[in-house]
Amino acid sequence: MLMITSFANPRVAQAFVDYMATQGVILTIQQHNQSDVWLADESQAERVRAELARFLENPADPRYLAASWLAGHTGSGLHYRRYPFFAALRERAGPVTWVMMIACVVVFIAMQILGDQEVMLWLAWPFDPTLKFEFWRYFTHALMHFSLMHILFNLLWWWYLGGAVEKRLGSGKLIVITLISALLSGYMQQKFSGPWFGGLSGVVYALMGYVWLRGERDPQSGIYLQRGLIIFALIWIVAGWFDLFGMSMANGAHIAGLAVGLAMAFVDSLNARKRK
């Protein structure tokens, strides 16, 4: 048994313990003068301490309260700060995250005004050999979305995952992941369905894979994704592949994006271990 930390407020201690339980780490609380948090499996100590540092930065983060709800441990002893909606958006998103979101919204509005086809003529993957040197096309397909649900779903994930990467690892890392995954997921998708596709989902899947594996292999990176969410991503890929919902999905982009994210996370976490 290893004591991780002590909290003066028992509800704060319980919130942290509940959250770590959702991550597969079992902690116990022993009440003395304060609430002492103990870890049974000492091999998980590094991961727990990394998460503790994040928790202490912002114990009011909604994910901690959500974990307490799942565990049935909510009460009035712990008071969470409340943030206005846009303040919460600003807190998590860096400049690259915002620029991408704004660009997608502007393109979406243009598609509603001018029509999908007109915008795709300018932004779609090169659909004619004469366009192969219009290099922006290899990336701008990610800006196009064909329904309100499509853009909302992708931008929510982009904000959640991309914002975390940018805040923890820097704008440069997010740009690199975005450009590589947009290029390779677009290439794969055009092999599947031709050049007439669009959406940020290939990049989103890359971020899912990157954040999950980097968090698993390098907890001190400060980024992480719950295993349940990566399982959801895999189920969604399978559902799209077998057309279970009767929806048109960019299956090639999803698979390629996820593979890119996992590969980049593996390399980055390997380099991080070598630097230690």
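Cβ atoms here come from the backbone N, Cα and C positions, even for glycine.
These figures come from a predicted structure and were not determined experimentally.
Copied from Swiss-Prot, the annotated features are:
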type	residues	note
ACT_SITE	S201	active site, nucleophile
ACT_SITE	H254	active site
TRANSMEM	94-114	transmembrane segment
TRANSMEM	142-162	transmembrane segment
TRANSMEM	169-189	transmembrane segment
TRANSMEM	192-212	transmembrane segment
TRANSMEM	229-249	transmembrane segment
TRANSMEM	250-270	transmembrane segment
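Long-range contacts of the transmembrane segment (169-189) within the same chain: residues 94-97, 100, 125, 138-139, 141-142, 162, 197, 202-203, 205-207, 210, 221-223, 250, 252-257, 260-261, 264, each at least 6 residues beyond the stretch ends and with a Cβ under 8 Å from a Cβ of the stretch. Remark: S201 (active site, nucleophile) has N154, A250, A253, H254, G257 as non-local neighbours, by Cβ distance under 8 Å and separation of at least 6 in sequence.
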